[in-house]
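Notes to accompany the following structure.
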Amino acid sequence: MALFRALYIIWVFLLIPLFNAEEFTPKVTRTLSRYVFDIVNFDDSNTLIRADEDSVEISFDAGENWKTIDGIEEPIESFVVDPFRGHDRAFAFVKTAPKFYVTDDQGKSWRPLTIPISEKASNYFCGITTHPIKKKHLIIRCDLLTINDSGVMHVGREIYTTNDGVSFSQVKPSFGKIDGHISTARCDFIKSSEDSDLGGNDASILCLFRNTEYIESTGSTIDKSELILSADGGETFKELVQFKDKVVRRYEILKYHVVVLTQDDMYNEMSSMDIWISNDVCTFQIAHTPTKIRHVNMGQIHEDSIGRIVLSVSRERDDEDSNQPGAAEVLISDSEGLKFLPIKWIPNNQFGYINVAYPGFLKGTFFGSFHPFIEYSDRKRKYSRQKVREETKVSVDNGLTWSNLKVVDRENVDSFGCDVTKPERCSLHTYFYDLRNLRPSAGIMMISGIVGDGSVYDWNEEKTFISRDSGLTWRLVHNSTGLYTTGDLGNIIMYIPYRSNENGDVPSKFYYSLDQGKTWGEYDLIMPIYPYRLISTISDGSGSKFILTGTSITDDPISITYSIDFSAVFDYKSCEEGDFEDWNLADGKCVNGAKYKYRRRKQDAQCLVKKAFKDLSLDETPCNSCTGSDYECSFEFVRDAKGDCIPDYNLIALSDICDKSKDKSVLVEPLQLIKGDKCKTPMKIEPVDIPCDEIPEEGSSDKEIVTTENKFDFEIKFYQYFDTVADESLVMLNSIGDAYISHDGGQTIKRFDTDGEKIVEVVFNPYFNSSAYLFGSKGNIFLTHDRGYSFMIAKLPEARQLGMPLDFSAKAQDTFIYYGGKNCESILSPECHAVAYLTKDGGETFTEMLDNAIHCEFAGTLFKYPSNDDMVMCQVKEKFSQTRSLVSSTDFFQDDKKTVFENIIGYLSTGGYIIVAVPHENNELRAYVTNDGAEFAEAKFPYDEDIGKQDAFTILGSEEGSIFLHLATNLESGHDFGNLLKSNSNGTSFVTLEHAVNRNTFGYVDFEKVQGLEGIIITNIVSNSEKVGEHKGDEQLKTKITFNDGSDWNFLKPPKKDSEGKKFLCDSVSLDKCSLHLHGYTERKDIRDTYSSGSALGMMFGVGNVGDRLLPYEECSTFLTTDGGETWTEVKKGPHQWEYGDHGGVLVLVPENAETDSISYSTDFGKTWKDYKFCGDKVLVKDVITVPRDSALRFLLFGEAKNMGSGSFRTYTIDFRNIFERQCEFDITGKKRADFKYSPLGSRTDCLFGHKTEFLRKTDEKCFIGNIPLSEFSRNVKNCSCTRQDFECDYNFYKASDGTCKLVKGLSSANGADICKKEPDLIEYYDSSGYRKIPLSTCKGGLKLDAHLAPHPCPGKEKAFREKYPINTGAYALVFVTILLVIFFAAWFVYDRGIRRNGGFSRFEEIRLGDDGLIENNRTDRVVNIIVRLGLCISLITKSAFQRAKAGTAQLSSKFRARFGNKKGATYSSLLHDQLSDAFQRAKAGTAQLSCFKI
């Protein structure tokens, strides 16, 4: 019986909480208002303030009653409670004026303060910073919004310091108002808290100003910043010298450290950053990071409980606007703040978003969640079969060890989709957003999340969970998500869902728990509410009153505020000593060298703590013995996979331990006690012997170069950078189909986890530089549009992968065509054929566009003026046929399909043209060209004696309105060559530029246009082409260069001496016998390698030799030119691989086909070279690359270390950033000192293409260029008159040895009337002069070799031609009459003054030369008499000649009659035509020596 009574008592005792919960009803008070947008509470009080639409209201009873505050009449923008005086002081900022109100008595009274803003604005957005000790010290920052008459918005920023409003002092940067705008203006007190350990006095202020100037011509920006410090409360400032020449992005003042982020490149706002750390605001040191940091989340620089700095690194700089959750990576420093390392529990080192939370009241506790980079929009939710799993973990030992969030919930165990008893495969996953505003409690917390294995995160399945042990174990409490908060140190928990049911109805009740989440009661609200805020009225979580705000769901929504009071629960009973228990953090283990515990109420106790306004108290007991968890790796060491600290030689080189030692080695302890650790007895640490002989000496440039090595078990077969300035992202693929991604030029590399699916191909979008597509072996395609940070998984159509490349739209990123095989059980099956599948949504859905299509182009997006924007062209190969046709459509072949050519070999697009190869009779080819997709014209190739059948041609590209084409004339394998042709502007008429240009069997040609410079082309010709064609010898190649787009060619001028200062063996004056020859495009291992770089203007590398012909590759050396090919220098003996960095500011050479441990580099444009040892063991470097724009300072080497077993394939990232003292200063206006100057390339100071151009070159090798777009700032300093070099030969004309263009014998010039057919609106046409102007030329005036002859009417346009060029008879008559009058007057004047006055014609024969009988009274008389004498002479000579001719003719006639009797005489022919023809030919020959004209 006694046992029964005891059980009964226990049962009743257990039910009491439930009865109390059901019987108790919190006191709820509702107030309605028009619009409540802000509500704040004073610390340790029941006073609240809220802003309504028209007024400011205050409550002194935790929100039950409200009244309007008198004295504040303007509309309020925001409230701020002083974080250091939260009990009594607050600020209210006015929206429409530079004004704010201050209260020092919990809102009972307010006083206005007006800020003396220098400029008027439409709106003012101000904030205030208070001092933790000095109450009167304030910093005010205001953003001034103005909108001009054109509607353009401008935001100005001003900062003031004030002594509680008595006086104001504006803080300004020294650069004042300049072009651009102040993008950053910020000031803070160095003392950020009462217990701050930073140096400096209490009045120290740190300010940052940053100006961003936009360069409209290039679309780039220039940043300038100033970081200044005041030691007297803002009265005077001085710039921090360490940051004088740097761009400071931002800073953060923490308790133990000041963190400053500087931008590496002032001309690239997305460039990497350095992290500077100081603990005294006097000296700053650069912290080491595993990779360069580019984007640090705003407001995401914090310190954890032991003072380590935590950085949240995002993929974009401004993450607030991103639809993606969280950061891309989280870095945590050592306790000194000088070395950062990433969180190591990320699965497979994959890329994804990371959220980290570390509640300040839970010492050593970290929460972390990892989410793979899969976009979470509704459109992509169907692709939830992610290849990387979600991970959510907790650590209670400062991140040393991590565990999954274990679900312990027997009641709901069957409601989860996995076995929660196996937390390694079934655990809780969440984002931890809710922990950011967590109220202090002894281990009690709530979060929203889902339970699973991490393969799917469905937002619709989120539920609410609770934990009582700081997150180690969790229990389900609600099958929905909503707002929640705690009171009475976790003993009161409130919860209201976002929606009350699956239909999304507005909540009409809230839930509460009085036993730490064990049981729940509910309360029905008077009015349903859409909740948006639920808070405790006391910020420290110790109170029992709450505020719930939201809006009503009515036609005219209003704001609802509920005040909820739990103070009467348990009949107002307060807890006694027996109602409490000890709760230990980290299960009682040592954390930071101490054990921590809280006193908290027992879960079932029938009382409240009721110690309102008293913070949660933590008990600390130092641990006696130090363990490994109390230590961290010393700066020079990093942890390996086993967790041991091992030496890192990059860190050793950065430190000064070897500089301080004179010995060859130094002893260093690998572990150091964590700063601030509480343990009493230190461990014994065995030092490690560090060799110093391999460490570069202090002051050497090698010490500043940083090399990072990565090892692979399989060879990297594919690699390609994304062509952007945002970062140095690239994709790599090894020989077994594993893909790797790096965002820092290969410094850190992570494998892309595809859940075992191999990647068979990687395709980059040529039109959108951040997009790439990875094809999986199981039919998946992995798409990225942000350079590999995130991926979307799409399922390819149910078709066999044929390995055909994707075809992309040039204007729509998500539109592309995929080719799959249909009926392809076997690839050799006759039924197997290709099908073109179209997607317009980035691969979410595919539609079958065209059967049997093997290659398509979005033609409408390629042409400048397309006939239809939606036009698509496809090459079709029907089943059971070898014939291919070209078809087009304007609706993706739904209803429109047009056959363009019935039979083609293939087609391609280049530079706004589409060129089609069409078979012709006798196994010849013909080319047809279009630039609008509608009209095709046959490409007319020039006649030449060495062009036979058109068997093969290669399109070499199109630039500046011309197509370059190589037409093969000899196709014998291994001895291929042909003619280099160039088209006119519409691509239809070609002329020969050079003969016997080398090509290989695959159609590649030794042809390369020098990037960034106009008209410079390098080719290799077969100098003995006739013998090769007759099989009488092997090819002998020679290198030629043109500086005027192919009109004139010359051999390369050889250097006088080699790299060792010795003269070359051949020194003939004739370049034909002694010139420089380079190996060309046909011999390249990687076709992406080029002589030149588009950013290193004028620079070219090549492997070749000096002599009469090109020697084999292994016998050649490496040459460099810096003036566009005019002069060359041998820089290294033997063949080398090369790469350009920093626009040519850094040049790198690596031996080719030879093992090495060093590279050679130059920072003075190749004048001098230095060697740098990048590895300990020699490796065979197979390639050296950098970003496509050659603007980076990091280079990536791919090598193979033979005979080294596992990991023999290596990559080396070599970073040259630190060898430069500063960034070059660039001033686009030219008004300020800069490190650049304009100069012509080489010695050429004459004109080229009708203008004289100068280019920017840096003048100081100690600075680096960065992202300055130098190629955009070339300038034309002079426009020139046209010369022979501005013209090339027209169609069917060839360049003769004398430099003139002559018509090919037996041919006629192009029929000018053909243009009338192509352009029906034309009225006239012109015949060719034999010359045409080079499209690149801008010359004006001067020589007009292309001057047209008289116009001719187009057929059928004769009437319009006569109307355009009418014959004006009146004008002709007027001119004729005028000429006759002038002649008549002149004749009369000569007769009157020279003949009549001197006796008339009767004296005509009496006048003799020198006769003084003529009247000469003045100069006019003398001139007239001279004319008379000349006339007399001519008359006498003519008369005499006529008489002689007459006599001779008579005599000759007599002889003829005597010989031939009465036979008919011969027909007389005039010699005039023949004589004039000979004279014309002689004159033409004389004037045709145009080569004598010089530019």
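Including glycine, each Cβ sits where the backbone N, Cα and C put it.
As written in Swiss-Prot, here are the features:
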TOPO_DOM  23-1369  topological domain 'Lumenal'
REPEAT    58-67  repeat 'BNR 1'
REPEAT    101-111  repeat 'BNR 2'
CARBOHYD  N148  N-linked glycosylation site
REPEAT    465-475  repeat 'BNR 5'
CARBOHYD  N479  N-linked glycosylation site
REPEAT    511-520  repeat 'BNR 6'
CARBOHYD  N769  N-linked glycosylation site
REPEAT    837-847  repeat 'BNR 8'
CARBOHYD  N986  N-linked glycosylation site
REPEAT    1161-1170  repeat 'BNR 10'
CARBOHYD  N1279  N-linked glycosylation site
TRANSMEM  1370-1390  transmembrane segment
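Mapped onto this structure are the features recorded in Swiss-Prot.
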| residue | record | contacts (Cβ under 8 Å, 6+ apart) |
| --- | --- | --- |
| N148 | N-linked glycosylation site | H154 |
| N479 | N-linked glycosylation site | K463, T464 |
| N769 | N-linked glycosylation site | F722, D723, T724 |
| N986 | N-linked glycosylation site | V929, N931, A937 |
| N1279 | N-linked glycosylation site | G1250, H1251, T1338, C1339, K1340 |
Note to self: Ranking 58-67, 101-111, 465-475 by the number of C-beta pairs under 8 Å to the repeat 'BNR 6' (511-520), which range is first?
What the structure shows: 465-475
Margin query: Can you tell me whether DSSP puts N1279 (N-linked glycosylation site) in helix, strand or coil?
Written below: strand
Item checked: Same-chain residues at least 6 beyond the ends of the repeat 'BNR 8' (837-847) whose Cβ lies under 8 Å from its Cβ atoms -> 379-380, 382-383, 781, 783, 785, 792, 794, 796-797, 799, 812-820, 892
Margin query: I'd like to know the mean pLDDT over the repeat 'BNR 1' (58-67).
Written below: 91
Checklist line | Within the repeat 'BNR 10' (1161-1170), residues counted as helix, strand or coil by DSSP | finding: 0 helix, 3 strand, 7 coil
Notebook entry, point to check: Which of the three DSSP-derived classes (helix, strand, coil) applies to N986 (N-linked glycosylation site)?
Noted result: coil
